[in-house]
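J.: Quick one: this structure, given as structure tokens, is what I'll be asking you about.
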Amino acid sequence: MGSVGRLHCLTMTAAENPTPGDLALVPLVTCKLCLCEQSLDKMTTLQECRCIFCTACLKQYMQLAIREGCGSPITCPDMVCLNHGTLQEAEIACLVPVDQFQLYQRLKFEREVHLDPCRTWCPVADCQTVCPVATSDPGQPVLVECPSCHLKFCSCCKDAWHAEVSCRDSQPGILPTEHGTLFGTETDAPIKQCPVCRVYIERNEGCAQMMCKNCKHTFCWYCLQNLDNDIFLRHYDRGPCRNKLGHSRASVMWNRTQVVGILVGLGIIALVTSPLLLLASPCIICCVCKSCRGKKKKHDPSTT
């Protein structure tokens, strides 16, 4: 198996190692990641889109994508890739260490379960069992029983099963089980669910403005209010979450100053470029009209 895996890795490279007499004839290719010129024996071509990068950069990119991607498909690192290529598992296994590839497979499986409406995870922290979910109407809660710990919970909110109460009206709290304790949405709970995708998030310390790594939703840790559009962090100036951001007043003011500076800079750029666009617009319109007129004459049969 070791020799087969090594043979597969070698076939992924763009060329074989050149002989010493052919070094002067070896072409150099520019890597789109590090912008350095490398010989073909140090490059790797992706199978799906045929984009080529140096092997060292591709290894670093894959390891970073595995750690930050939560099991999502690893796409071609070229932002303007015309084929929108995706790396195959054989390529990933060839270029990253074994433990990194095992982590990728585990995260990929967890993501598949999360996106599958017929499967869900047991909410008990140390159970980690995949439970089957009966088919139902979209958004309709279904009773789910874990085959391992036999916990009965709701398929939508993952709280204890509430037959006569909706998920919104149910009171989430501590779920005692023989395996441990699952925290709900109390203010001091260390584990809460994302208000959008319901993924469990643990907060140890630091800022109270949270961003879900799964759906990128930004919310307040204490009251779960939506903060996607609160760029000035005004939520923590009033109400029950006043002064609970977790940062000093000076750092908050500095953050607001930076945001204002960025907005003012964009406004200045717009003001400076708008007269130039107005002056250049007649030339642009003339060029477009000339091009359209030329195409019309080309396709007009009376001119032939």
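Just so it is clear, glycine is given a Cβ too, placed from its N, Cα and C backbone atoms.
The annotation Zn(2+) 2 binding site is assigned in Swiss-Prot to Cys122, Cys127, Cys146, Cys149. Positions annotated as Zn(2+) 3 binding site by Swiss-Prot, on the basis of sequence analysis: Cys154, Cys157, His162, Cys167. Residues or ranges marked as Zn(2+) 5 binding site by Swiss-Prot: Cys220, Cys223, His235, Cys241. Summarising the annotation, Swiss-Prot assigns region 'TRIAD supradomain' to 27-245. Positions annotated as zinc finger by Swiss-Prot: 31-81, 102-167, 194-223.
Describe the structural context of these features.
T.: Within its own chain, Cys122 (Zn(2+) 2 binding site) has Gln128, Thr129, Val130, Cys131, Cys146, Ser148, Cys149, Leu151, Phe153 as residues 6 or more apart in sequence whose C-beta sits under 8 angstroms from its own.
The Cβ neighbour count for Cys157 (Zn(2+) 3 binding site), using a 10 Å radius and every protein chain shown, is 19.
Counting only same-chain residues six or more apart in sequence, the Cβ atoms lying under 8 angstroms from the Cβ of Cys241 (Zn(2+) 5 binding site) belong to Ala208, Cys220, Tyr222, Cys223, Gln225, His235. Under the three-state DSSP scheme, Cys241 (Zn(2+) 5 binding site) falls in the coil class.
For the zinc finger (102-167), the model's average pLDDT works out to 85.
Beyond the ends of the zinc finger (194-223), by six or more residues, the same chain brings 70, 114, 123, 156-158, 187, 230, 233, 235-236, 239-241, 244-247 to within a C-beta distance below 8 angstroms of the stretch.
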J.: Including all protein chains displayed, how many Cβ atoms other than that of Cys167 (Zn(2+) 3 binding site) lie within 10 Å of its Cβ?
T.: 16
J.: Centre the Cβ atoms of Cys220, Cys223, His235, Cys241, go out 8 Å, and tell me which other residues of that chain have a Cβ in range of the Zn(2+) 5 site.
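T.: Same chain, not in Cys220, Cys223, His235, Cys241, Cβ within 8 Å: Ala208, Trp221, Tyr222, Leu224, Gln225, Leu227, Tyr236, Gly239, Pro240, Lys244.
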J.: Near Cys146 (Zn(2+) 2 binding site), how many other Cβ atoms are within 10 Å of its Cβ?
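T.: Its Cβ has 20 other Cβ atoms within 10 Å.
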J.: Go ahead and report the DSSP secondary structure tallies for the zinc finger (102-167): helix first, then strand, then coil.
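T.: The zinc finger (102-167) comes out at 14 helix, 13 strand, 39 coil.
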J.: What's the CA-CA gap between Cys154 (Zn(2+) 3 binding site) and Cys127 (Zn(2+) 2 binding site) in angstrom, rounded?
T.: 16
